[in-house]
Amino acid sequence: MASEGDKMLGGRFVGSTDPVMEMLSASITIDQRLAEVDIQGSMAYAKALEKAGILSKSELEKTLSGLEKISEEWSKGVFVVTPTDEDIHTANERRLKELIGDIAGKLHTGRSRNDQVVTDLKLFMKNSLSVISTHLLQLIKTLVERAAIEVDVILPGYTHLQKTQPIRWSQFLLSHAVALTRDSERLGEIKKRINILPLGSGALAGNPLEIDRELLRSELDFASISLNSMDAVRQRDSVVEFLSVAALLMIHLSKMAEDLIIYSTSEFGFLTLSDTYCTGSSVMPQKKNPDSLELIRSKAGRVFGRLAAILMVLKGLPSTYNKDLQEDKEAVFDVVDTLNAVLQVATGVISTLQINKENMEKALSPEILSSDLALYLVHKGMPFRQAHVASGKAVHLAESKGITLNNLSLDDLKSISPLFGSDVSQVFNVVNSVEQYTALGGTAKSSVTAQIEQLRELLKRHKEQA
């Protein structure tokens, strides 16, 4: 328990803090992940203080040297956290004083933990977004390149988990890749708003020392400077935006995981997951559990929970800084870690799974060509609504006879519509079926190939911006 004299900010207090209160308030076990960016911010601020005449050149040199020593201790894992270290800021400042003496007390001149912590968090998020973007782009690339290799593989498409129309396996892969490109774009968009410097805003009223904020911006590599000091220290829009984008990304990853889980079941048998990403059963030795995909699916709920929690924290706060905002960092750290792990595992799953072409072909039952039968009649001049009814009658007739749709005789079909001719047999060919969909975005080979090329170009642009 810290005594009155041990408190870094304890000048106006009498007595000791309740140890339970100290435990509740302390965040050092969580926010020590900000150690390096906190030091970066302090180095930049020390230079600004020297320019403002608060630090002499000699004091600046000692301060920077001390901060470099602290950075080295953190990187080597030898920094010692003490019971009086409430958070990463007080820990670093306490250690700096041990190294360079009372000069360390000048470093916080004109600076508040309010603008310090939000600067640290933004620096952390900038770095993290770059890493997440790299992992996301690698996953998209893996999907796209696999689609290019397996472009001739055809399987049933599904709605309501029922067979609908034949599609290319590549069309399925690209459907997920395209969704993920939007997530990549959103990550780039929020990075622009994160890239605004809050340091120099003080507690809420601004900085009274004519601190050169342009110097701070340049030193910390921010794109611009916050316009209003009160808004700068209170805003956690960037946290909410990041968690929101993360939640949407996890929806897309969860959906992909669910599809692959279904396709990998013995009932479907469309693909086999690598043993690297599966586990066995503790009771049933024949089982191969898709744990990797199930964990991806479940982690989506974890991210949603973090977003919901921070929204509830923020919704009723008055202006500027409140201690409630301490909750933001744990949410960000957890979601950053979750995304990095999930994206890498998803990439591994996609790159190592094996498709079972025979099972995909076996699942291409003639009934999934009933819409093609309707299109056949449309090409013969029948309005689509009538053609749809006629095709449905053909399906019903085949079911009542206990045969497949393609085994109906020409007489059977003519009993439904005289427009059916001997060329109707061409309808019952899955390659012909998928090749009808040549419009941009369709499942014809030419369209799929065009999608692949467009996505490759998009990946190049996103990689340059990451």
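Glycine is no exception: its Cβ is also placed from the backbone N, Cα and C atoms.
Per Swiss-Prot, the features are as follows:
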BINDING   Ser27, Asn114, Thr159, Asn289, Tyr321, Gln326, Lys329  2-(N(omega)-L-arginino)succinate binding site
ACT_SITE  His160  active site, proton acceptor
ACT_SITE  Ser281  active site, proton donor
SITE      Glu294  site 'Increases basicity of active site His'
Span of the 2-(N(omega)-L-arginino)succinate site, taken as the largest CA to CA distance across Ser27, Asn114, Thr159, Asn289, Tyr321, Gln326, Lys329 (Å, rounded to a whole number): 51
Per-residue Cβ crowding (10 Å cut-off), top of recorded positions His160, Lys329: Lys329
Candidate with sparsest Cβ neighbourhood (10 Å radius) among Ser27, Thr159, Gln326, the listed binding-site residues: Thr159
Cβ-Cβ neighbours of Glu294 (site 'Increases basicity of active site His') (radius 10 Å): 15
Entry from the binding-site residues list Asn114, Asn289 having the most other CB atoms no farther than 10 A: Asn114
Between His160 (active site, proton acceptor) and Glu294 (site 'Increases basicity of active site His'), the C-alpha gap once rounded to whole angstrom: 20
Number of Cβ atoms other than its own within 10 Å, given for Tyr321 (2-(N(omega)-L-arginino)succinate binding site): 20
Tyr321 (2-(N(omega)-L-arginino)succinate binding site) to Glu294 (site 'Increases basicity of active site His') - Cα separation in whole Å: 39
Where Glu294 (site 'Increases basicity of active site His') falls in three-state DSSP terms: helix
By Cα-Cα distance, the member of binding-site residues Ser27, Thr159, Gln326, Lys329 nearest Glu294 (site 'Increases basicity of active site His'): Thr159
Where Asn289 (2-(N(omega)-L-arginino)succinate binding site) sits in the secondary structure, as DSSP reduces it to three classes: strand
